[in-house]
Amino acid sequence: MSSNVVPVTNEENIIIISQHDQNKLHKTKLSFIDIVSFLKEIIAKLDIKKVIHSVKVGIALVLVSLLYLLDPLFQKVGQNAMWAIITVVVVFEFFIGATLRKGINRAIGTLLGGGLGCLAAILADESGEIGGALVVGISVIIIGVGATYSRLIPSVKKKYDYGVMIFILTFSLVVVSGVRADKIMKLAGERLSNIGMGFAVCIFTSFIYPIWAGDELHFSTATKFDKLATSIQGCLEEYFVIANDKEKKATIDISGCKSVMHSKSSDESLANFAKWEPWHGKFGFFYPWEKYLNIGEVLRELAAMIISFKGCIQSVRQSSPIERDNIREPCEKIGLSLATILMELGGSIRDMKRRRAKSLITQCMREELSLLVNLDNNNNSTDNESTLGLASFIFQILEMVDKVELLATKVEELGEIAHFHNKKLDV
């Protein structure tokens, strides 16, 4: 087999490179470029907050591992250092509020469970062999049943479920091991101190590039207004496009509405975590996070209306193109006003500034609503299905207007309690 060679002149000698080696080098170069571009694509898709959280967890684990790795520290804490590592793994959460909530619950549960466990262990130790066994058995049953029942109470489960679970675990471990341990108080103190060190490391690393649940709830709530505004505009635009082009199928994107509909559990968790967070930025102690839940509930109701509105638009019983054109102008104005007001409300929350969204509803839409209702009343169509479809369409628009007005009221209440700044708008 013949092979081409390329001479490369050097000052001292000549290097001969075959065509096969050139192809090999070229492939290696291409593969390296492909790897770099592939890594860039992966990095671009990564969530920077999740990366930061992962790095912080790694740093926290390294710090608590020093209790094992450094002899001076290990001689002081001994094998109980594992409780610090367990604490970091179990307590460290994505949001600072979640970490504080879990850490404080663990500390309180450990203190109460350890204290009661020590008392029960001491009482069992002085009651003799048979009496001690009875004391341990009865105390474990009473505490286990009572604490487990309390975990089933909704208000306790929502905020203190983890703490009650740690209380049961700590009490059971201390009281059972205390029957045969002579230094139960010392053992409990050592474990508690190691748990405290693990929790301290979690708090320290959490405040490195902190991720606040309050910020997440605040901005996610503001974003929901924009999603619903886009969906309303899309529905109305599609309704009149279909009227002019019968062959065109509806392509309304209501993914934003669906994400709002499924946000309840996330909002409740974020609000619960936010209540445990310290003062940061514009969010002080006792900030009205429950108002965000009230606003979120109304937003979900509006999202459900928009999804129902989409079904109404796509119904085969909708009105004729001529009837749709008669109400096109007032409907488009109302849709634009609704979208504008929703965006104003979202911006009001995002910027923490008061805006006159409620007055915009009164000034901009009342005339258009009256005109729309009059057009419906003057409809002389003999087709009952078409008339019913048009009436249903107008009715749902009126319902959405009422719901947006309620949203404006809720946002104004939030602004008053949270002390939003005033901002003048040109109407």
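Glycine is treated like the rest: Cβ placed from N, Cα and C.
Taken from TrEMBL, the feature transmembrane segment applies to 51-70 (among others). Tertiary neighbourhood of the transmembrane segment (51-70): same-chain residues 77, 81, 84-85, 87-89, 92, 94, 194, 197-198, 201-202, 204-206, 208-209, 211, selected by CB-CB distance under 8 Å and a gap of 6+ residues from either end.
The transmembrane segment annotation in TrEMBL covers 82-100 (among others).
Proximity of distant same-chain residues to the transmembrane segment (107-124), defined by a Cβ-Cβ separation under 8 Å and at least 6 residues beyond the stretch ends, is recorded for 131-133, 135-136, 139, 143, 162-175, 177-179, 181, 184-185, 188, 191-192, 195-196, 199. Per TrEMBL, transmembrane segment is recorded for 107-124 (among others).
Per TrEMBL, the feature transmembrane segment maps to 130-150 (among others).
The transmembrane segment annotation in TrEMBL covers 162-180 (among others).
Residues or ranges marked as transmembrane segment by TrEMBL: 192-212 (among others). Nonlocal intrachain contacts for the transmembrane segment (192-212), taken as residues 6+ away from its ends with a CB within less than 8 angstroms of a stretch CB, comprise 49, 52-53, 56-57, 59-60, 63-64, 67, 77, 80-88, 91-92, 94-97, 99-100, 103, 106-107, 110-111, 114, 274, 277, 280-281, 283.
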Inset, instruction - Take the transmembrane segment (82-100) and find every residue of the same chain, 6 or more past its ends, with a Cβ under 8 Å from one of its Cβ atoms. - result: 49-50, 53, 56-57, 60-61, 64-65, 67, 106, 191, 194-195, 197-199, 201-203, 205-207, 210-214, 216, 270, 272-278
